[in-house]
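The following features are taken from Swiss-Prot:
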type	residues	note
BINDING	72, 73, 137, 167	[4Fe-4S] cluster binding site
COMPBIAS	1-11	compositional bias 'Pro residues'
COMPBIAS	12-21	compositional bias 'Low complexity'
REGION	1-24	region 'Disordered'
């Protein structure tokens with residue numbers, strides 16, 4: 001895993017050409033950067049960092065989702081929290097209240113009658129908040145796309161950050177979606193493909 005930061009002025013070389021949000025690749029430049037940071041910690045006893053970068057780093061390890069299980073995708077979402085996949089190890093702990101949550105996982109078919117309740121729960125969540133759309137039904141209506149009573153994608157109600165495809169998607173797919181959301185948060189709400 002690369003270090004993401006702006007190298008201190010004491011570190012010269014190719015690192016000065018690295019943008020502040022780009023990871024510093026492992027090697028002598030990263031080693032020099034880490035030594036400079038350790039020296040600064042020993043000299044001053046504290047480290048100066050950008051607050052928003054520090055908050056984004058902290059948020060990646062403490063995502064508290066509001067689970068909104070509406071259909072068969074909810075069973076796979078439950079599997080992701082069990083011992084085999086264990087989303088808790090990534091700091092993802094489900095919360096019973098939207099006021100305590102910062103992520104909403106919408107798993108399943110959203111009907112027109114459920115849409116106002118979904119929006120109300122989303123509005124009750126504190127900022128910053130993210131949405132994971134799980135499964136074909138939540139992504140675009142799925143099997144029931146042409147039904148008069150089905151919303152053709154949860155993104156018509158709330159803004160979606162991560163789409164997890166599948167019918168139903170596996171627990172591994174949800175874990176991957178959560179990891180992608182953590183990467184997006186860490187990179188300042190923009191997903192950089194690697």
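Just so you know, the numbers here start at 1 and follow the chain as drawn.
Every residue, even glycine, has its Cβ placed from backbone N, Cα and C.
Note that the coordinates shown come from a computational prediction; the quantities given were computed from them, not determined experimentally.
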According to DSSP, does residue 137 ([4Fe-4S] cluster binding site) fall in a helix, a strand, or coil?
helix
What same-chain residues, at least 6 away in sequence, bring their CB to under 8 Å of the CB of residue 137 ([4Fe-4S] cluster binding site)?
70, 71, 73, 108, 109, 110, 143, 144, 150, 167
Taking the centroid of the Cβ atoms of 72, 73, 137, 167 as the [4Fe-4S] cluster site, which other residues of that chain lie with their Cβ within 8 Å of it, listed in sequence order?
71, 107, 108, 109, 134, 135, 136, 138, 142, 166, 168, 169
Out of 72, 73, which has the highest number of nearby Cβ atoms, where nearby means within 10 Å of its Cβ, if these are the binding-site residues?
73
